[in-house]
Amino acid sequence: MKVAVLGAAGGIGQALALLLKTQLPSGSDLSLYDIAPVTPGVAVDLSHIPTAVNIKGFSGEDATPALKGADIVLISAGVARKPGMDRSDLFNVNAGIVRNLVEQIARTCPKALIGIITNPVNTTVAIAAEVLKKAGVYDKNKLFGITTLDTIRSNTFVAELKGKQPQDIEVPVIGGHSGVTILPLLSQIPGISFTEQEVIDLTKRIQNAGTEVVEAKAGGGSATLSMGQAAARFGLSLVRALQGESNVVECSYVEGDGKYARFFAQPILLGKDGVAERKDIGKLSAFEQQALENMLDVLHKDIELGEQFVK
């Protein structure tokens, strides 16, 4: 099993690489790539951790050596948010970075599962899909926008509010991965109920949690450590599914039946070929139904921006 992390020298990439080095199955290969010259050193640093995960680092313009033979590619390359920016302000820089890296994936490991972390995810996933399509290698079951951070934040905030253990809570989060497009389905958590005001406040906090971190870091960065953890959780779920484990379910931003939008975050069953099944989002509360309808314009525009960028 070979996993490649692109953007491995950044805050998210290093946290993700550390978690993968300690948690990937024995005998796995972990390949780190970043344009930054420090990347081979990050790999050497991590290689001193005593786990049976083989690690190599590559830097420079060419990601090909890192991508050769990869089963899973996780992309965290790009610039981070600063105070006053929202995820869409990142588009101008990150769109080009994602296009370039996905072109290299299309040439080098076209059958790999691809997980996109680089923001704005609503748009960068659409860019990746169009690049793969142009190259004639697009498989909609193998491209994922990683929205797991919304899930783990939801689990944490609900547990805090209700005095529960966070590991016992799993909140499905649908829609997209920015602002109003993030919709936690709080009505679907077994055995937990909320007042109307709690739902409004929690939903808003989950939607704005990224900004909470950006502001708390006072210009020194965005959510890197929690995002690294979220990406590792999703990446390890992909590994387990590829190894034939059954019933691996995660929420992710994927191309589906287009009922709400071409790309939509929803619970998915993972299998040996990526998405095995897109699960129904279930019954929504009136609040959730309204929130879903309200987000679709924004989501459609985000997706179109990505499609137009490649065309």
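Positions of Cβ are set from backbone N, Cα and C atoms, glycine also.
Look at Thr118 (NAD(+) binding site): DSSP puts it in coil. Around Thr118 (NAD(+) binding site), a 10 Å sphere centred on its CB holds 29 further CB atoms from the protein chains shown. Taken from Swiss-Prot, the feature NAD(+) binding site applies to Gly7, Ala8, Ala9, Gly10, Gly11, Ile12, Gly13, Asp34, Asn94, Ile117, Thr118, Asn119, Met227.
Residues or ranges marked as substrate binding site in Swiss-Prot (evidence: sequence analysis): Arg81, Arg87, Asn119, Arg153. All chains included, 24 other C-beta atoms sit within 10 angstroms of the C-beta of Arg153 (substrate binding site). Under the DSSP three-state reduction, Arg153 (substrate binding site) is assigned to helix.
For His177 (active site, proton acceptor), the number of other Cβ atoms no farther than 10 Å from its own Cβ, over all displayed protein chains, is 29. Classification of His177 (active site, proton acceptor) by DSSP places it in coil, neither helical nor stranded. As annotated by Swiss-Prot, active site, proton acceptor applies to His177, with the evidence given as sequence analysis.
Shown in sequence order, Ala80, Gly221, Ser222, Thr224, Leu225, Gly228 are the residues of the chain, 6+ apart in sequence, with a C-beta less than 8 angstroms from the C-beta of Gly11 (NAD(+) binding site). For the pair Thr118 (NAD(+) binding site) and Arg81 (substrate binding site), the C-alpha distance works out to 11 angstrom. Looking only at other Cβ atoms within 10 Å, the busiest spot among the binding-site residues Asn94, Asn119 turns out to be Asn119. When the Cα atoms are compared, Arg153 (substrate binding site) and Met227 (NAD(+) binding site) turn out to be 10 Å apart.
Contacts of Met227 (NAD(+) binding site) defined by a Cβ separation under 8 A and a same-chain sequence distance of 6+ are given as Ile12, Ala15, Ser76, Ile117, Leu149, in order along the sequence.
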